[in-house]
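These notes concern the structure reproduced below.
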């Protein structure tokens, strides 16, 4: 049966040309939010001739199959473990149904949008259009207004609700960013915690007396360096065996750039064996890496992710878009990166990202689309690590707000990423806190708890009892999964020595450990670990240091407590590379 006939059944009338009249088809609400996210206020009606650039995401009916593949190849007890899918196999599983393209094209044609006005992604699942507000209001049966974000001065044309013809609902997952009111990813949302400038004498660094009864330099108690991390996490003097068979990458958004001179100075002083090394820069969606205004976030990421893994190839993905552009959001940037990577023949084996926002600032449809993209990358063999956030169980910096209920963070709450919390201390690691910042953690309101973490999370909830009942979703995906040091990291930024604090430091640190484990496996002819969580919760946790002290305050409470086993503060614990090597080789 032809699409036009199917549409005719919906509308009861067909044009003489055979094209359906969508005007006769009932619209149903596709997405609705009660109010814009915190910080956004509605102003005037949008000008009818203002142009909206919209991305229409088509449904991917075979995602359930892809998820099944992902869980099998990531489960160390399954005979398919490690058999990652090819680019073509993933594209086939993520492709929309052919009818979806036909139905969408016919609908767009009724509004004067021909094939020459549509831009299709390489995988076919995204269609980008540009339309005036007056046309969009008719298409989506809504009214658009100008919204203003006071903190950043950003303005954006958005709505609180939009509708689609009934027949399109099964073909279209979302239209982005019609209802997206997320705060731009400025410093408040970027997990860098606090920074302070230092006056250091590098010539004496690393030669301080060792702490009594400790195998870690005493200086590490006040400042974290690559040398400290190698000592703390039993990396020691590990030398890569197959550097050209492994890879690691970090992501930069919102005009955060990684500076070459800062990287060079950092290596000279902290990783002298790597002096003269550099990293590759990959532009995504017109991203740049200008050197006149470096960003402490990107400098932190590249200096530790690549400094700990040299001479492994390291790539910095700079994703275009500014936090002061009202048409750019976290979902936009992340989806641009995901779509770019899925179209490549080669993907990084480890990808670390230190950005996020509260779940309440993004719609479920948008979060779910991003999360599905992470699953697709996991099926390709990519280990995706995200900072859990720096705001305890809340969302403020410092976390002094008394607003309730608790606020989970995204993408840390996506079940297809490995979320990394923060610790501190060298004699005994505890949940990290400094100057009002603490390790974010909790339970997702979007995503159900995945089966791989059922046993560990149920054990924690059993001990928690009725504490905080009603303030969190006990059936949601628990995060973080793991943790690492995150307080007082020495970085070089704009040729200055700074201390930086936050889970932004923890994520690239744990990512570096994963990359080193991939090198261990490559030396034995084994492939990368890929999606980590099923392995971590079933076997890998035996190679982690359980963190049992500390908490993550917020929302007028002390937050959750760290305890024996998994907890929503430090996850399963911090890495012990020596133990993890054996566990990684055993699968």
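The backbone N, Cα and C atoms fix where each Cβ goes, and this holds for glycine too.
Lifted from TrEMBL, the feature list:
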type     : residues           : note
ACT_SITE : 297                : active site, charge relay system
ACT_SITE : 301                : active site, charge relay system
ACT_SITE : 504                : active site, charge relay system
BINDING  : 546, 547, 565, 567 : Ca(2+) binding site
DOMAIN   : 223-587            : domain 'Peptidase S53'
SIGNAL   : 1-18               : signal peptide
Inter-residue Cα distance where the pair is residue 297 (active site, charge relay system) and residue 504 (active site, charge relay system), in Å: 7
DSSP-derived structure type at residue 567 (Ca(2+) binding site), helix or strand or else coil: strand
Cα distance (Å, whole number) from residue 547 (Ca(2+) binding site) to residue 297 (active site, charge relay system): 26
Between residue 565 (Ca(2+) binding site) and residue 301 (active site, charge relay system), the C-alpha gap once rounded to whole angstrom: 28
Pairwise Cα distance for residue 547 (Ca(2+) binding site)/residue 301 (active site, charge relay system) [Å, integer]: 24
Spatial separation of residue 546 (Ca(2+) binding site) from residue 301 (active site, charge relay system) - C-alpha basis, Å: 25
Among 301, 546, which are recorded positions, the residue with the most C-beta atoms within 10 angstroms of its C-beta: 301
Residues flanking the Ca(2+) site, with Cβ no more than 8 Å from the Cβ centroid of 546, 547, 565, 567 and excluding those residues themselves: 548, 562, 563, 564, 566, 570, 571, 572, 573
For residue 567 (Ca(2+) binding site), nearby residues of its own chain (Cβ under 8 Å, 6 or more apart in sequence): 441, 460, 547, 560, 561
Three-state secondary structure, which DSSP defines for residue 504 (active site, charge relay system): helix
Cβ-Cβ neighbours of residue 547 (Ca(2+) binding site) (radius 10 Å): 28
Cβ neighbour count within 10 Å of residue 565 (Ca(2+) binding site): 16
Site of maximum Cβ density within 10 Å, from active-site residues 297, 504: 504
